[in-house]
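Take a look at the structure below.
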């Protein structure tokens, strides 16, 4: 059986990864997300944007995968599992998942903004957050940026195509910790439902997907996932 997991910020929040909606450290609590997550913001103030993402890189590196990440990884022992994530952390990989597609890029990969070359150098140390820091410079003289998707940028083709295939070939799709409002990612469970596939939503809050999902559970990821596969036949029978 192939299980495709669509994961969002909620699964990593349980590990202590803050989202844009959380109160962050005092330095960044009032920052406009567009100011630090757009090409416009990068072009206006690359030093500020680089400082914010470098701090998040180190902050994410300090947190550990939680029970939900470990459960999804353990499913690979007896299932074909694909993980499509909107998260830019590496918690799925550190938990042991091997087929992970990052729709919004990764904060653990960096590239030149000018020539696109991958950055293999050392990152500057950052023991505490600062407002600005100079980005590294590529040999072509371009600035090094995080390999994440900013507002207005397209999703990476390879990750998107693999994600579409992962959903179209799945026997069941599990949507975990995502608000289901950010497109085109939010269209993936809709496509699965249109194809007649069971879609299980796991989210402590209702989302736009809740009414149409085959099963919608008001539970956190770490509460629901460890027993979800055992409960699956009963849940699907109840929804039929």
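Every residue number used here counts from 1 along the chain in the order it is shown.
Glycine is treated like the rest: Cβ placed from N, Cα and C.
Pulled from Swiss-Prot:
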DOMAIN    1-235  domain 'Deacetylase sirtuin-type'
BINDING   8-28, 86-89, 177-179, 203-205, 221  NAD(+) binding site
BINDING   53, 56  substrate binding site
ACT_SITE  104  active site, proton acceptor
BINDING   112, 115, 138, 140  Zn(2+) binding site
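On the structure: features taken from Swiss-Prot.
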residue: 8; record: NAD(+) binding site; Cβ within 10 Å: 27
residue: 12; record: NAD(+) binding site; Cβ within 10 Å: 27
residue: 16; record: NAD(+) binding site; Cβ within 10 Å: 12
residue: 53; record: substrate binding site; Cβ within 10 Å: 19
residue: 56; record: substrate binding site; Cβ within 10 Å: 21
residue: 112; record: Zn(2+) binding site; Cβ within 10 Å: 20
residue: 115; record: Zn(2+) binding site; Cβ within 10 Å: 11
residue: 138; record: Zn(2+) binding site; Cβ within 10 Å: 19
residue: 140; record: Zn(2+) binding site; Cβ within 10 Å: 11
residue: 203; record: NAD(+) binding site; Cβ within 10 Å: 25
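Other residues of the chain with a Cβ within 8 Å of the Cβ centroid of 112, 115, 138, 140, the Zn(2+) site, are 113, 114, 116, 117, 139, 141, 142. In the structure shown, the C-beta of 89 has more C-beta neighbours within 10 angstroms than that of any other entry among the recorded positions 89, 104. For residue 203 (NAD(+) binding site), the spatially nearest entry among the binding-site residues 112, 115, 138, 140 is 112, judged by CA separation. With respect to their backbone Cα atoms, residue 104 (active site, proton acceptor) and residue 8 (NAD(+) binding site) stand 10 Å from each other. When Cα-Cα distances from residue 89 (NAD(+) binding site) are compared across the binding-site residues 56, 112, 115, the shortest belongs to 56. Comparing CA positions across the binding-site residues 8, 12, 16, 53, 56, the one lying closest to residue 115 (Zn(2+) binding site) turns out to be 53.
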